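One structure below.
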């Protein structure tokens with residue numbers, strides 16, 4: 001449990017660094033930020049302010065540090081995909097003109113998003129610039145879709161391929177970093193019309209994700225993966241041998257005690 005005085009560095013050391021270490025040896029690792037709107041999910045995951053960097057920029061630094069340190073032994077290739085899921089439609093944030101991309105199944109690599117760009121990056125600065133552009137596209141796309149405050153899931157996929165220069169053997173790791181849309185009680189928020197429909201879709205996908213995680217923890221046969229685009233996309237990462245971490249963010253004030261108590265229960 002991280003208290004109110006925990007730093008971004010504290011969170012990264014406990015959550016982000018172990019995930020990156022797994023990816024560098026060819027495993028999959030997934031980190032979610034889940035919680036009520038306004039509790040710091042995006043800050044925790046993606047903040048780029050100096051001395052307050054979130055998991056995303058710190059993870060990129062760790063990956064490229066390893067690339068430089070081990071370059072005489074290992075050839076490392078880093079590629080990115082950046083996706084948005086809004087109302088069960090998948091968009092490529094590296095291509096703002098994309099809309100409702102399809103999920104496909106590859107017999108060898110599993111689920112993938114057909115038509116999504118995969119861009120190779122060579123430095124931390126290049127990666128961060130691309131992600132910043134994706135964030136701008138996300139804001140633009142949301143403005144186009146709704147005049148209300150739209151909520152969507154953002155999924156950043158960091159693909160790391162490492163080839164041993166001596167043996168030629170190759171390892172592929174995948175780091176999935178997900179900024180989930182805020183979980184809200186519709187009756188409390190008082191939203192109506194399009195915002196109400198949006199909230200219902202978001203809550204349905206968050207419920208499916210929670211059911212999948214709970215089922216995996218209990219080692220049950222999970223069928224909820226089919227219930228949303230988010231869970232279908234993440235099924236290979238969640239069901240493999242990789243690491244999964246859910247960061248639950250909550251508010252400390254009494255007015256939000258229901259949400260603050262239900263958030264950890266949804267992911268345990």
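Yeah, the Cβs are placed from backbone N, Cα and C, and that goes for glycine too.
Computed from a predicted structure; not experimentally measured.
Look at TrEMBL and you will find 1-268 tagged as domain 'Kinesin motor'.
Of all Cβ atoms in the protein chains displayed, 15 besides its own lie within 10 Å of the Cβ of residue 37 (ATP binding site). TrEMBL lists 35, 36, 37, 38, 39, 40, 41, 42 with the feature ATP binding site.
Highlighted in sequence order, 33, 182, 249 have their Cβ within 8 Å of the centre of the Cβ atoms of 35, 36, 37, 38, 39, 40, 41, 42, the residues recorded for ATP, and are not part of that set.
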